[in-house]
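According to TrEMBL, the features are:
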COMPBIAS  1-18  compositional bias 'Basic and acidic residues'
REGION    1-37  region 'Disordered'
TRANSMEM  72-87  transmembrane segment
TRANSMEM  107-129  transmembrane segment
TRANSMEM  149-176  transmembrane segment
TRANSMEM  182-200  transmembrane segment
TRANSMEM  212-229  transmembrane segment
TRANSMEM  291-313  transmembrane segment
TRANSMEM  351-372  transmembrane segment
TRANSMEM  392-410  transmembrane segment
TRANSMEM  422-439  transmembrane segment
TRANSMEM  460-481  transmembrane segment
TRANSMEM  487-508  transmembrane segment
Amino acid sequence: MDSSETREEESGSKDSNETNRLLPIPSPPSSTEDDEEVAFDSREKILIVDADSASTLNVDGDQVPPFSWKKLWLFTGPGFLMSIAFLDPGNLEGDLQSGAVAGYSLLWLLMWATVMGLLIQLLSARVGVATGRHLAELCREEYPNWARFVLWFMAEVALIGADIQEVIGSAIAIQILSHGVLPLWAGVIITALDCFIFLFLENYGVRKLEAVFAVLIATMALSFAWMFGDTQPSGKELLVGVLVPRLSSKTIRQAVGVVGCVIMPHNVFLHSALVQSRNIDPKKKGRVQEALNYYSIESSVALLVSFMINLFLTTVFAKGFYGTKQANSIGLVNAGQYLQEKYGGGYLPILYIWGIGLLAAGQSSTITGTYAGQFIMGGFLNLPMKKWLRALITRSCAIVPTMIVALIFNTSEASLDILNEWLNVLQSIQIPFALIPLLTLVSKEQVMGVFRIGPVLERLAWTVAALVMVINGYLLLDFFVSEVKGLLFGFLVFTGTAAYVAFIIYLITRGSDLSSNCFSLEMSKRYSNPGN
């Protein structure tokens with residue numbers, strides 16, 4: 001009898017050890033832990049309380065608790081903040097140009113591009129929840145110093161490029177709503193103040209900040225839905241556009257733009273940090289899986305809302321300008337005026353409805369840019385500093401070049417369009433430096449434990465990533481072929497391209513050797529069974 005009980009205890013101990021071996025356990029506390037940067041302090045995190053304590057009383061750490069609407073509500077927030085990157089002024093310009101040039105024919109691509117974006121963002125959330133660290137922190141631990149500094153620099157450049165577009169978008173909206181009284185540079189200064197709004201809101205907790213973003217997203221949805229109702233696009237053509245894939249040689253550039261806008265490099269870093277705003281015990285497999293389930297639901301709903309907003313805008317411009325002489329000249333600067341000339345006024349002129357929606361898009365995306373900048377700088381560099389100081393530095397990095405841009409291009413619509421093309425190219429270049437580390441880390445058992453993605457999902461994710469990178473590569477090639485003039489400039493572009501490709505190859509080949517670093521060695525020790 002005693003022998004049997006001993007065998008059962010040993011068997012139970014082995015099962016427990018096997019579970020612990022595969023769970024992604026955070027690295028042990030060290031003497032410098034208090035000085036390390038974290039996405040959210042423990043006092044800032046939202047406590048997830050079981051709705052029905054009786055139903056979860058007998059649920060152990062390895063079992064997923066039953067679904068609860070109350071818990072879904074508590075987990076709702078990070079996905080909607082993430083979805084704002086799908087609604088920034090750069091994306092809105094892509095929507096209106098797609099509608100004006102290609103009509104309804106690229107709506108199917110918009111839908112599938114959003115699905116691809118959802119897959120990448122779910123993997124980003126998975127990394128954050130399962131490891132208790134966000135992507136920038138993991139890159140700091142996993143890559144050598146020179147590589148992480150390059151990755152950090154690239155992430156900052158991508159963020160600044162996105163921020164310039166977002167701030168200019170807000171400034172254009174302010175110019176529209178002030179009836180031209182406030183010039184572009186004044187709108188930039190007003191938009192810059194959102195940094196202080198952000199700092200003010202942060203003091204009241206994560207949920208208050210999420211509520212403000214919910215209001216901004218609702219404002220966008222109502223504004224563009226109103227425009228959709230006013231212009232009354234064809235329901236039949238809309239449905240055909242969503243369900244029937246169509247692509248012609250004349251719309252390839254717009255198609256590339258639709259797909260290229262889906263992955264924003266700074267957004268991949270942001271989402272992995274936002275999910276840590278909820279208090280989840282990474283040692284309990286069931287609780288981690290529960291969090292992943294809820295985050296998957298709320299992120300899917302958030303991107304469905306963003307898809308509908310993008311759909312409204314694309315179809316409005318498809319109805320009004322497809323096949324017209326203005327189709328190839330529409331951009332953020334003149335879109336409002338074209339809408340006003342086409343559809344007139346009424347009790348609430350469509351020009352101002354457009355301005356309100358654009359302002360909500362610009363303000364929300366600039367604030368999330370400030371948020372992302374904090375996580376990127378803190379994660380890669382681990383520089384302990386107060387949040388207000390980091391937010392001020394992050395905002396200044398974007399506002400100074402944006403102010404220069406506003407003063408130089410204030411009166412030139414064509415120049416702003418060219419600038420926007422360069423900024424799109426700048427962000428396209430940075431995409432591999434967010435996607436490759438993400439997909440490498442999320443498929444490593446040493447980092448993710450049992451939450452590493454399986455081979456089928458891994459192949460699918462790499463296929464999506466490769467597709468996005470190839471499409472953006474086409475955009476880069478097309479741009480440089482048309483813009484690069486002169487031997488010296490061509491030589492510089494060639495040299496930079498060679499270095500760029502070499503670093504991408506390094507990141508891909510480095511993926512098979514990530515387990516040799518200090519963080520993964522420490523994780524491996526903790527996974528090992530005692531006594532082995």
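Glycine is no exception: its Cβ is also placed from the backbone N, Cα and C atoms.
Here the transmembrane segment (107-129) has Cβ contacts under 8 Å with residues 39, 78-79, 82, 86, 95, 98, 135, 138, 238, 241-247, 255, 258-259, 261-263, 267-269, 271-276, 280, 282, 288, 291-292, 295-296, 299-300, 303, 306-307, 310-311, 314-315, 435, 438-439, 441-442, 447-448, 451, 453, 460-461, 464-465, 467-468 of the same chain, all six or more residues outside its ends. Looking at 182-200, 351-372, 422-439, 460-481, the range that has the most CB pairs within less than 8 A of the transmembrane segment (212-229) turns out to be 351-372. Same-chain neighbours of the transmembrane segment (487-508): 147, 150, 429, 432-433, 436-437, 440, 480, counting only residues six or more beyond its ends whose CB sits under 8 Å from a CB of the stretch. Beyond its flanks by at least six residues, the transmembrane segment (460-481) meets 116, 119-120, 123, 253, 256-257, 259-260, 262-263, 421, 424-425, 428-429, 431-432, 435-436, 439, 442-443, 453, 493 of its own chain at Cβ-Cβ distances under 8 Å.
Contact count against the transmembrane segment (149-176) (Cβ pairs under 8 Å) is highest for 351-372, out of 182-200, 291-313, 351-372, 422-439. Contact counts against the transmembrane segment (182-200), taken as Cβ pairs under 8 Å, peak for 351-372 among the stretches 291-313, 351-372, 422-439. Residues 81, 84-85, 87-89, 92, 159, 162-163, 166-167, 169-174, 176-177, 191, 194-195, 197-198, 213, 216-217, 219-220, 223-224, 226-227, 230, 266-267, 269-270, 274, 332, 335-337, 339-340, 391, 394-395, 398 of the same chain lie 6 or more positions beyond the ends of the transmembrane segment (351-372) yet place their CB under 8 Å from a CB of it.
Sequence-distant contacts of the transmembrane segment (422-439) (same chain, at least 6 residues past either end, Cβ-Cβ under 8 Å): 90, 120, 123-124, 127, 135, 138-139, 142-143, 150-151, 154-155, 157-158, 161-162, 164-165, 257, 260-261, 263-266, 268-269, 272, 458, 461-462, 465, 468-469, 472, 475-476, 479, 500, 503-504, 507-508, 511.
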